[in-house]
């Protein structure tokens with residue numbers, strides 16, 4: 001058998017996946033130069049207005065130098081972002097795995113590499129422990145050799161409630177895992193399985209018994225969460241009670257506590273209900289100190305890399321968010337189709353990225369929670385270059401990739417962290433020596449004077465550690481692969497509150513600027529690296545994502561204020577330049593809509609996506625940019641965990657497609673001000689035009705500011721949810737009165753100030 005397997009491994013034709021170009025590739029390559037000429041022509045037109053203003057013998061005064069300059073800046077930013085996006089449209093590809101070939105012809109079960117799964121959580125009240133448990137159970141039940149599977153939980157909240165939940169999960173797993181194996185269960189998240197009505201008719205009694213066990217565990221965990229503490233009567237053994245002794249110290253707080261590491265299940269020692277091997281399950285809460293920097297999620301993941309190296313040191317590492325449960329038990333095998341494919345160059349394949357997918361999204365996806373563009377459309381474009389960017393979850397890494405470039409590895413500070421070391425081949429991961437080393441590696445000062453966070457592990461320096469890490473790996477010469485199977489590999493919860501969505505994306509907006517304006521910027525570090533020009537262009541769109549706020553803010557206010565004051569900023573409908581503006585707008589939006597629909601979206605969901613894009617530009621991107629510069633000036637900014645707790649009334653409104661405002665937030669103010677200004681400009685503009693046409697006839701009709709009216713009308717149509725929330729709703733999700741008052745006052749101020757400056 002060994003000779004046969006070796007022979008197959010040497011066969012270069014044994015490709016384990018297929019590749020095909022995306023249908024729009026040819027169209028994209030033809031349309032790009034045509035649109036480029038149109039964009040350059042419009043920039044030329046705007047620049048000539050700046051330096052050669054038109055004669056004043058017109059029905060309206062010409063725009064001032066400042067107004068024209070502002071519009072030129074907005075157009076330059078839009079042109080730059082369009083240009084960077086073209087890199088992702090030149091060679092998008094779609095891959096499909098050959099699972100049968102992997103299982104039957106290339107890799108036998110005994111040859112599959114060890115797999116370490118990392119799950120991160122930070123707050124038991126925002127990320128309920130029972131949901132984190134469901135995620136862990138879904139990956140523990142993978143169709144993968146259990147003696148090669150280890151699951152590590154990072155609890156950055158240092159919560160006894162989370163540890164208790166996982167102790168209960170370890171007990172439940174002894175029945176859940178063999179049940180899934182025997183009955184070929186696909187939905188291995190128990191909450192999803194029992195909630196979907198899935199039943200195995202021939203084992204209905206066992207299903208009911210296991211469901212009762214699950215409900216009992218859930219009640220225990222939720223009672224402990226509600227009480228806020230773990231009482232001794234909740235614990236079954238002296239060993240369990242001993243594990244919680246550390247929380248009895250008065251010095252133990254979320255931000256200041258020693259490392260806590262508990263081996264809840266050991267593969268070599270513990271068996272499931274059928275007497276089979278169990279995967280390892282380890283709880284890790286790293287040491288924290290009020291005087292040490294912890295580097296948020298990146299720091300937690302690096303601790304897991306080190307702790308796992310002492311116990312299992314799996315050559316493959318899966319990073320998954322606590323709310324992104326496994327939806328396909330064969331997902332690791334799909335990833336192995338790429339890691340084991342001889343035609344991909346295994347020596348420089350760093351990771352396989354799966355898209356983030358979400359369940360429970362309402363019909364029209366009002367908050368664009370699918371992120372089709374980020375997680376699928378652009379990922380396919382990246383895949384045609386050096387591979388997709390890392391998006392934080394659902395990613396299988398080659399452990400070796402965290403230790404320097406493919407051709408020049410960085411040696412870790414101690415031999416126990418070598419990525420190719422075989423860990424505990426004959427020993428126990430519960431042994432004193434392993435525990436002692438693991439606690440040392442989880443210490444808050446361990447990384448001092450080491451390469452962790454700079455040359456080894458997840459990279460520090462940005463709130464978006466996923467993007468930064470993927471980008472630096474590509475710059476080092478690594479490649480990656482995008483895997484998007486028909487059945488989603490992972491499913492998670494999208495925010496159902498507008499404020500949660502905007503807060504999350506404000507953090508992203510701040511984080512990308514931390515990369516864009518650092519020494520790792522794509523314009524210097526990236527271009528000098530192995531990434532290549534097109535990959536650097538594509539990443540430039542990401543690291544400067546926040547500058548969308550510049551053109552969107554300008555176009556949300558300036559044309560409208562000019563319209564209110566009778567000033568023309570754009571060509572009249574009788575001029576040839578007018579049609580060039582229409583071509584560029586329709587071309588950009590039409591191409592975007594086509595891409596969206598081809599990946600399975602609907603026109604209505606595309607409309608929601610572009611509306612949220614506009615909303616982000618006036619809120620998340622704007623506030624994220626401000627926060628970045630405040631941090632640059634030395635003013636601290638914290639990391640906010642997105643809440644995974646679902647409010648029943650919010651959920652009902654979300655299912656009905658109603659926007660959730662509810663609480664006052666400064667981020668709601670700029671979009672509301674823009675909505676009011678656009679409405680005022682459109683109404684006044686239409687009144688002036690109608691009165692003029694009635695009194696002046698065809699000559700006045702030729703002077704109609706068509707583009708300005710279209711821009712204001714576009715803003716009004718996209719602002720309809722805001723108008724509803726301000727004036728037409730009475731539920732708890734309406735716009736707060738405080739936000740409305742502030743917005744009206746600022747709208748009047750903007751209108752008055754703008755009018756004075758334009759006169």
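The backbone N, Cα and C atoms fix where each Cβ goes, glycine too.
Per TrEMBL, the feature transmembrane segment maps to 26-45, 65-88, 536-558, 578-601, 613-630, 673-693, 700-720, 740-758. The annotation UDP-alpha-D-glucose binding site is assigned in TrEMBL to 126, 127, 156. Annotation source TrEMBL lists active site at 156, 466. According to TrEMBL, the Mn(2+) binding site annotation covers 297, 321.
The full span of the recorded UDP-alpha-D-glucose binding residues, 126, 127, 156, taken as their largest Cα to Cα distance, is 13 Å.
The largest share of C-beta pairs under 8 angstroms with the transmembrane segment (536-558) comes from 65-88, of the ranges 26-45, 65-88, 613-630, 673-693, 700-720.
Against the transmembrane segment (740-758), stretch 673-693 shows more Cβ pairs under 8 Å than any other of 26-45, 578-601, 613-630, 673-693, 700-720. Each of 65-88, 578-601, 700-720 was scored by its Cβ pairs under 8 Å to the transmembrane segment (26-45), and the highest score goes to 578-601. Sequence-distant contacts (6 or more apart, same chain, Cβ under 8 Å) of residue 321 (Mn(2+) binding site) comprise 119, 120, 135, 392, 393, 492. Residue 127 (UDP-alpha-D-glucose binding site) sits 14 Å from residue 297 (Mn(2+) binding site), taking the C-alpha atoms as the reference points. Same-chain residues at least 6 positions away in sequence with a Cβ under 8 Å from that of residue 466 (active site) are, in sequence order, 389, 390, 391, 392, 393, 395. With every protein chain in view, the residue among the binding-site residues 126, 297 whose Cβ has the most Cβ partners within 10 Å turns out to be 297. Counting only residues at least six positions away in the same chain, the Cβ atoms of 120, 121, 122, 285, 286, 294, 297, 300 sit under 8 Å from the Cβ of residue 156 (UDP-alpha-D-glucose binding site). The Cβ neighbour count for residue 127 (UDP-alpha-D-glucose binding site), using a 10 Å radius and every protein chain shown, is 25.
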